[in-house]
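Step one of this worksheet: look at the structure below.
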Amino acid sequence: MPVPSHVSVATLQSVLQTVCSTGEPAIIAPSSFLGELDTVVDEVKRHGMKLASIPHGGITILPPVPISGTELFDFCAEYCKAQTHEERLAVRHKINNHNFLMQDPLLRMPCRQLYNPADYVLRIVHLCSELVSASEEEYHGAYGVAPLLHINPVQDVCGKLRSMFQSGSLYVKPWILEEEEERREMDESNRGVLFNSDSFGNGRGGSSISSSERSVDENDVADEDLTGEEVVDNATDTVVEYLSEKDFDVVTESGIFYDDSGERVHAIYLRGGIKKELCQRAAIAIEEAATTKNLRKAVNGGKTNPETGIVGYYDYLNNPTQRKCRETEFTRKNWSSVVDSCEPFLVALNKLYSECAPTHYKLQRIAIPHHYQLFNTVFSTMTVNRNFRTAVHTDRGDFRSGLAALCVIDGVFEGCHLAIKKLGKAFRLETGDVLFFDTSLEHGNTEVHNFDYCWKRVSVVCYLRNGLMSQICEMERRRWLQKQMLKQRLLDRSRQSVINLNATDPNLPPIYLPGRLLEVLSPVQQAALGFVVDRLSKGNGCVIALTMGLGKTLLSLALCYSHMYDQNPRDVLILAPKIVLTHWTGEKQKWEKYGLVFSHFVVSDGTDSVSFEIALKRYKQQLNGELPRTSHVFVINPEYIRTVLKKLTGFRPSLIIVDEGHRVSSKGSKLKDWLEGLRCTARVILSGTPVQNNAEELYRLIGWINSDVHSVLPPRVFTDLAGTINRYINGDDSALAAAVSAQRYIQEWMCSYVFSVMKTDLPPLNDYIIICGFSSIQRKMLEDHFGMEGIDGLTSIKASEHRPYHLSTHPLCFLGFISGVYKSLNGNHKLTPEAEEELESQEYASQLYSLTEDDIGLIDECLSLVNSGFLTEFVGLSGKMTVLISILHSIREKKEKAIIFSQYVGSQDFISRTLTSFDIVSSTIRGRDCHERRRRTIEKFREDEKITCLLLSTQIGAYGLDFTAANHVILWDSWWNPQVESQAIARAYRRNQTRAVIVYRLASEFEDTIVLKTQIRKLALFRCIMNEEASRAVPPEELLDCVDTEEDEGRRFLWRSLKKSYLEGGAPAVSKVFRHGDTVRSESWS
């Protein structure tokens, strides 16, 4: 069944339903949708189906194999052994009567299963019997056309039978295999360290994931490679030039080479750095890894594939393989010889690295996961090149805070120097010479002098692959450890106790959690927890950048529990904005029933609190030795931290967690200075939006968790990279290539410091920008109060200017704001900085303005309209109010709920009063509300079906709250920082949301469109840095109105009706509707 080249989510689901229902394979041609390949693979794997990389240029989706590998081998061997037709019929009869355990499909099936799984198995058995005695040519011919030969366990079974046939031992009884399997599992269990395979059992570091994992699940085999070959370092660039020796200064003496500023190391050259005998021993073992089976023709002049290969570990993130992060095929098959010959070489190279570049080495040692270390070095991977004169290129995917190590290990040749264009130097390398260098710089080999004669040059580049530290690899690793725990029945025994998640690998730092908590921790949270604990165990910190709604608070509480699970008392300091302190308290109480209990959990928002003062007094007594010492968790408002530290002299937390940690990135932040005084290096930053206004924020965040990064990537260099990206975002198309290069570098650089998950497995999000019109009265007020004859007269607006937002709400709201009517709504409570700014602006406006007779007449007219029941005419004075009422009527008809965010007290109050007039039941959360009142309001909103919407402040309600009872989000006004609005949307669009979420961004033709331009530029920057995309802001004139292309019939009707609704003065209530996703244009650069 062929499928179009571009596959939407709906189409893909339909294809999977067809395959699952009928048992018929489906073929997809991926040539034009390579960016969607990971999505296809993930969906197919999630439903237990299989992928094969044929036909050429395509992928075949097959139904799950309904039988284990052992059972399949038994049937195939018995069928092949049969000598008569009757014996084969007996085997077929046995298969037909077999009890196949079919998985319940996760898909919603249109009908019952329409095929017999026995027929599927018989097809496999017959295929293997036909090929068991075939020649190699016949077998390879079949491999090119038979998808079943590309999947496991079929591939393994056929290969095993062919090997047995060729050796004359075809009739080995199946029970022998089972006995061997049981004995191997028992041996591993007795060793106590299931994680180490035979090849790594000597404690030299770096365990073999795939070899041991195959014993756990035969259907999850690391050898399965759906491309038919291991796609390593796929060079897709255009063919580039070769370098000539005459254009460079040839370096023959050891030395260190810096950039022009003298701050940044580009290369370190060492003559005779490694003994020749060590090099030559290594060459004997790994030279054969260099083959022409690769995709690097572009860096070999574009003519043929060079002789090159990979030894060690690799991240096959772009391959449709079941295992992404694992050893290469050569490593698996030749490990014993690699161990004997390469270990001394790599250990010597590792020592040399630590001595010559200690800062780079330290950062690389912190970054590399233990299970990917080759012989306990800082190298995960070796690229072996034989007679390979590389053209100019940069190496992608290397650890950017470290250096790669190039060494010639064997050969007879002249020339072929390694030249670095930016340095203008070519380094002469003979056997034993070493060059540590920055592989992000353009480099290549000069000509070979004796090319016409017999020459040989074998070199190896040793480095750390960034992808091995990715969240994909971390999640794979976590799944593997969990399987090992299930195998040892540790999870079953721990449901009522505390368990160490890393118990099966003693080389990993322990992660202690209540057994019951594992039931609710998502795979992403467990992977992030493993990442954090690994970094903390090495005396370093990290940034946890999970998109909103993925559970950063629960993750942090679990981290605190594990960190404090020690006989020695430890203290944790959590800094959280005042508006989310109640959320922390609520989460702590919520998870107590799962065993997440803390003896002392002290929360303070900075206000006078008797309970807080009592807690501080007792803690001081513990520090002074008057009471027994116990562990404490302090959750403090950052604005109050200075006062707390003054009261707690001698307070030394062993872990600092900063929630909404982007605040630490502010220039000249006093908070950073105060935290530095605590002398705690274990620092964790939580942020769904680590990049908000500029790329330098991310640089400062990472610099705070590890200041060493500044020495390997100076601020000036990072600023230049960020500036290149900004040029492209702001419309300079000529900067695209440079921007992509800068993005890639920053992405690779941040990988080892930031655990980032920006995508979620949630229902669809439909996000719209609705351009609302102005009534003639609003336009006149615009002219009278802002001195403009038209809306197009303003091209900029100050962030402190609040009057336009109240005008776009409604003329009556505007008059109330500038005359001070809403002042009384603020009460006497302490205001947030935003509310204080609004109040100051309001007071300033009221000092300059008194209501005129026309204003008073308008107020009387508005009140008359309301009192007379002419509500449509009343809201018709404002485009936004007209749109809001129509949207809420539509939501109420569907018996759904909405949350409405606005920055301004005046707008919130006006909306609330208007909704009451329309009999639309709503609730409101104010900044001054106490925790208990806020909790009751939220609970009532969730449970009371009569309540249609909840009104709250963008600044207060955008953090920490869970409103998944609502699936509509209305953003009443726009704010300069788009991540504040992203936080607001995440109150509804988060874990536990089961329905599609619709976002309505109500934008006036005046102030909102100006703010949106700034928002979109910042959003493009965020996508550039946090996602592998070249993103830029789309000019407003290029945006397309989506009313007529809207797929949802209900929304299409709503948009059209709003366009046909007219305001006072005759302007339409809505002029255009855009999809928010269309405002940023992105291209994948991976």
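Glycine is treated like the rest: Cβ placed from N, Cα and C.
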Of the residues H360, H443, H449, only one is listed by Swiss-Prot in the Fe cation site with H393, D395. Which is it?
H443
Between 659-662, 931-934, I'd like to know which one Swiss-Prot lists as motif 'DEAH box'.
659-662
Between D395 (Fe cation binding site) and K552 (ATP binding site), the C-alpha gap once rounded to whole angstrom:
34
Comparing the binding-site residues H393, H443, R457, K552, which residue's C-beta has the most other C-beta atoms within 10 angstroms in this structure?
H443
Do me a favour and check the Cα-Cα span between G551 (ATP binding site) and H443 (Fe cation binding site); whole Å is fine.
43
Between C-alpha atoms, which of these binding-site residues comes nearest to L550 (ATP binding site): H393, H443, R457?
H393
For L546 (ATP binding site), name the DSSP secondary structure in the helix/strand/coil scheme.
strand
If you measure from the Cα of H393 (Fe cation binding site), which of the binding-site residues R457, L546, T547, K552, T553 is the nearest?
R457
How big is the gap, in Å, between the Cα of R457 (2-oxoglutarate binding site) and that of H443 (Fe cation binding site), rounded to a whole number?
18
Looking only at Cβ atoms, how many others are within 10 Å of the one on T547 (ATP binding site)?
20
Through the lens of DSSP with three states only, how would you label H443 (Fe cation binding site)?
strand
Residues near L546 (ATP binding site) in space but at least six apart in sequence (CB under 8 A):
V524, A528, K552, L555, L686, G688, F755, S756, V757
Among all the protein chains here, how many other CB atoms are within 10 A of the CB of L550 (ATP binding site)?
22
Give the distance between the Cα atoms of H443 (Fe cation binding site) and T553 (ATP binding site), rounded to the nearest whole Å.
45
